[in-house]
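Okay, so here's the structure we're looking at.
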Amino acid sequence: MKILFYNIKELFQVRENNTSILKGSEMKELPSIKNAFLVVENDLIADYGSMENAPTDFDESVDVSDKMIMPSYIDSHTHIVYACNREQEFVDRINGLSYDEIYKRGGGILNSVEKLRKTSENELYKDAANRLEELIALGTGVIEIKSGYGLSLEAELKMLRVIKKLQENYPVKIKATFLGAHAVPPEFKDNQTAFVDEICNVMIPEIAKSGLADYVDAFLETGYFTVDETRKIIKAATNNGLKSKIHLNQFTAINGIEMCVEENVLTVDHLEIVTDEDIEALKKGKTIPVALPTCSYFISIPYTPARKLLDANLPLVIASDYNPGTTPSGNMNFVVATSCIKIKLTPEEAFNAATLNAAYALEVQNEYGSITKGKKASFFITKPLHSIYAIPYNFGSNLIETVYLHGIKQ
Ligand SMILES: [Zn+2]
């Protein structure tokens, strides 16, 4: 099946070949072709170019006049499998309680844990599938989903099986991450060391064996998991053939980034607080910084100093952090908008951070993230627009008209 998309007002993120993540000033450029065509053959991008060179043999054609095409968003950080919303905490925060006070009252992550353990696999799947369908319509074509609300081997495996079922039933590329060290569960309340040992010696080996996780994550933060505990978890993951992606520097900078770079962690996510030492550490390695600006928006904490990272010639990825407590939205259009409005990325930088660079954060850069021959035909077609700047500019509107994933209209 060969489909010709013709009269595309502008085809974005066109990369003949791309061999590395975009860093610093490289992120300013978002290559495009105006008045373009795109050919999709089965599930792959087969050809593209200016309309004057459009082919004449095809099975189907789609008129894209006045509209634009962008490769699917890649959301490299979400927690969309969860049991219950936390709307009450949202109101508590409006009334003045801090994230920490809510956590100490038994809210926060532990609230989600209690509810998840009681919820059946089927019910979890149904809710997560609804969320995923919403995200597909909003332009996401590749997504990472974390466990981390189970905090026991059994409940974590339940979450990972839900993620696996989503992988089987949807044309979205999904990567699964085991986040055992998200919080200390009640049964280990007074013995965090024993819980870290349980994660390293029991959970990680079992989960690696199950093949249900691609990555391991931990919440490295004052009051959660220390640098040394996190290093232990990363090493256990490495010994079991799994790479790590780590939550850190959300509230405090405690030299976690330096350790993560030393341990060759794939990504460090959050980074609302970044010191000069953290930047120096990032410059020494390949660990990718990931900003989660809509989390900052929702819980009113500082935003990742993105310009500081780019000025240091580092790469940057943006993701949603969709989760019930601190970011109950996975709308990547809003993540792009928030990045432009609050962390001063240009739209070009924001789209690069949400597509091509994000592909590197999930190691899917050979298949997704740009309009490149041979990559998967996963992209969205906008409504008629003056320019692509409308997506962050009209931040409250959904300007996506049609979504194609693996060459199939959704
Ligand atoms: Zn997160």
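Glycine is treated like the rest: Cβ placed from N, Cα and C.
Unlike curated records, TrEMBL annotations are generated automatically.
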For this session: Look at the 4-imidazolone-5-propanoate binding annotation in TrEMBL, where R86, Y149, H182, T326 are given, and name the residue from Q13, Q250, Q365 listed for that site too.
Result: Q250
Exercise. Rounded to an integer, what is the Cα-Cα distance in Å between D321 (Zn(2+) binding site) and H182 (4-imidazolone-5-propanoate binding site)?
Worked result: 14
For this session: Measure from each Cβ of the binding-site residues R86, Y149, Q250, D321 to the atoms of ligand 1 and list the residues where some distance is under 6 Å.
Result: D321
Seminar exercise, completed: Whole-number Å distance separating the Cα atoms of Y149 (4-imidazolone-5-propanoate binding site) and H79 (Zn(2+) binding site) is 9
Problem set entry | Neighbourhood of T326 (4-imidazolone-5-propanoate binding site), C-beta criterion under 8 angstroms, separation at least six | Y99, C295, F298, I299
Problem set entry | Subset of binding-site residues (H79, H247, N323, G325) lying within 10 A of H182 (4-imidazolone-5-propanoate binding site), CA to CA, in sequence order | H247
